[in-house]
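Here is what TrEMBL says about this protein:
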type     : residues           : note
ACT_SITE : 120                : active site, proton donor
BINDING  : 124, 160, 161, 270 : Zn(2+) 1 binding site
BINDING  : 161                : Zn(2+) 2 binding site
DOMAIN   : 54-300             : domain 'PDEase'
């Protein structure tokens, strides 16, 4: 089952830069993979994934209350992110922050700070953050990390794709866009996400770090920026090699080791759709292909 997911991920990774005809071939290849996976009847993987019925009796965000069923499900990777409206996802995000003992303000991640892209949208932001939350609980990371580390992990997940334009770094650099010029072709999107995040946090009613002293804020800012920049897939090999060198003798008291682990965690969460149940993961494939198709059409 893992090998089939890996094949799918490799197919998606190779899509970047393809022409329209090649993308159509990629779509057909993925369809064949789906059919093969279904034929193998991987039902055991989905046993724990029960369908949830979101409560919409009080649709207004400030008054929305999560059911206990939803609260329990949020801690699991099988959580179905497609069942929820935007205001409900905001309620879930707020619960996750409060449950971890963190301060939260809804205005910090207003849906308007994420564009209506097929893939890199607010639902993807929620998806990545929910996976981070579940990993924190399933791996008992609160026993290993400081509260500031947890805050950095969650905040970086929420902010990691802020104001994503729907066109990747390769496009930005080749098209010589304003972002590419501004950031000298060095992770232009990720640098932009960081800048937008701290522009938002600089507003008085959005400053969730106002209770921290300047030195602590500096640590949080640097930590958040480091994690968001780590989501640039161009740095995948570099980060993975660094982690492999540390993992056999990992030291939780070594700040460099902790930072590397946090970078790997957000990278895992960013591409975590591949390990979710099939009915949750599958729609993201079409979303990603649609976004790539739009990019190729514009660039052609």
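Glycine is treated like the rest: Cβ placed from N, Cα and C.
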8 Å Cβ shell about 124, 160, 161, 270 centroid, Zn(2+) 1 site members excluded: 120, 125, 128, 157, 164, 231
Listed recorded positions (120, 124, 160), ranked by Cβ neighbours within 10 Å, top entry: 160
Binding-site residues compared (161, 270) - highest count of Cβ atoms within 10 Å: 161
Integer mean pLDDT for the domain 'PDEase' (54-300): 90
Inter-residue C-alpha distance, residue 161 (Zn(2+) 1 binding site) and the residue listed as 'active site, proton donor' (nearest angstrom): 7
Pairwise CA distance, residue 120 (active site, proton donor) versus residue 160 (Zn(2+) 1 binding site), rounded so that it is a whole Å: 10
